[in-house]
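Report on the following structure.
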Amino acid sequence: MAEKKQEIGDGAGGPVVEVNPKPQNGLTSKLIDYLEKLIVKLMYDTSQSHHYLAGNFAPVLDETPPVKDLPVKGHLPDCLNGEFVRVGPNPRQVPVAGYHWFDGDGYVALIHCRIYTYELCKFDLVVRIPKMDIECILTMIHGMRIKDGKAAYVRRFVKTSRLKQEEFFGGAKFMKVGDLKGLFGLLMVNMQMLRAKTKVLDMSYGMGTGNTNLIYHDGKLLALQEADKPYVVKVMEDGDLQTIGLLDYEKRLKHSFTAHPKVDPFTGEMFTFGYSHEPPYVTYRVISKDGVMHDPVPITISEPIMMHDFAITENYAIFMDLPLYFRPKEMVKEKKLIFTFDATKKARFGVLPRYAKDDLLIKWFELPNCFIFHNANAWEEEDEIVLITCRLQNPDLDMVSGKVKEKLENFTNELYEMRFNMKTGVASQKKLSESAVDFPRVNESYTGRKQRYVYGTTLDSIAKVTGIVKFDLHAEPEPGKEKIEVGGNVKGIFDLGPGRFGSEAVFVPSKPGTTSEEDDGYLIFFAHDESTGKSSVNVIDAKTMSADPVAVVELPHRVPYGFHAFFVSEEQLQEQAKL
């Protein structure tokens, strides 16, 4: 049994919950380990490669305290005083069997699947998948503290309940997304269920990793993963990172919490949701600027889906009912991953007044089928809601599991403008880019309001960023293009060059707010040179997109490819120091 949960600190959003799990490593644990090894030996194809554990996808195993006075080429502008942080997959323990890029311990990085009771009938045999959580990734945060033109680098694991328990056992105990295929996947689910029921694993703090995204709200930096509660991470004055605990909003948060909440820069409120695999499949929440969570608003959809992101405008929240369905039966019968795309279904977008108490006023729109991992922004324009997003045709989560094709084939993740007319009920869409674009970012002073510029990453394989591209939404795409080139609505491309790959670029304004020009600022991102094995942090001019970086900070260690990033300003850093 876990001890009574301890609470740390205080605030309107409630105290942070200290994470102190109590797993049990006895005879029962050893018997389950033996059974699991037998299943892997008899049923798992060990010839499958683990592409996402090789090269610069390979994890780094040790934490690094702040390394100060790093070499800087160029100069670091004063507006970058603060801490730049990024999360990404980083497995601490060797996988028992399968591995998916969404698996791994967070150096801040994650994704989560939750499996619920489901009956599969075949040859009069009923196989019951137990109701339980399955977490997929742990987390490490890579941080760079910048102050007065100097830089320091640090990396720390997010100290989740999952990480603490696997460190206690000295090996992987939680199931991976890469395991979730066929009958083998079903049996691996039962191994985790058995560990939970016999108290080998302590599930009282959840199984999240906090490794997908980072956001700042109510004086706290939050490490997020879409099937758990937020973890609070404190940034120390020297740039070091300390996991404080979980945030459950005075026990009002009973469901999962998206990795992509939205903070309104004008009101200070945070808007979020969680998705589940039992009704209600989606639950919407509003959190006040001082951290008070309002009552839940269930969103009615027909069956469980993956909803990775959403959007807000000044007066509305936009939900995406896209046909990537949770289908355990197909996982077992067809040896697919548990989320399956149904190309026969439409993509649905629900627009709800953002302070609604229920979903009676939601208005649904339909567009051709697609999936969306990441939105750039949304706003209101006369009778229409405008959504700028990266639209993915025919998604296949198996693309980032095991082997991978180095070049993108039949992978169209393109920037789109979608419009929803609230008066006529008509939806329309327009393609804004050619070839693959992801991780769209904007000047977040314009979140929920009309803006002009979008900064995205260009891709040449499923997970390698070759450059940063700037789109001008006031210009039209240049016709006849088959790839992204400067011209039309493409105002600039920062090409990383042969053998160099980057990650999501965060926009940092030269001055806070919307008083200066929207693109007056800098883009900051991690990069890696595969020919030298060296990693760096790059700063480029967001207005000019010049090929000459404003600054390049050489890092003392390799930084694996990862997911989302955030910039904690000096003002925010001082505010959260009170924790």
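Just so it is clear, glycine is given a Cβ too, placed from its N, Cα and C backbone atoms.
Pulled from TrEMBL, these are the features on record:
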type    : residues                       : note
BINDING : His260, His308, His374, His564 : Fe cation binding site
REGION  : 1-21                           : region 'Disordered'
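Apart from His260, His308, His374, His564, the residues listed for Fe cation, the same chain places the Cβ atoms of Thr212, Asn213, Ala259, Asp309, Phe373, Asn375 within 8 Å of the centroid of those Cβ atoms. In terms of local Cβ density within 10 Å, His564 ranks first among the binding-site residues His260, His374, His564. His374 (Fe cation binding site) carries a strand DSSP state (E or B). Taking the Cβ of His308 (Fe cation binding site) as reference, residues of its chain lying under 8 Å away and at least six apart in sequence are, in sequence order, Glu226, Thr258, Ala259, His260, Ile372, Phe373, His374. Reduced to three states, the DSSP call for His564 (Fe cation binding site) is coil.
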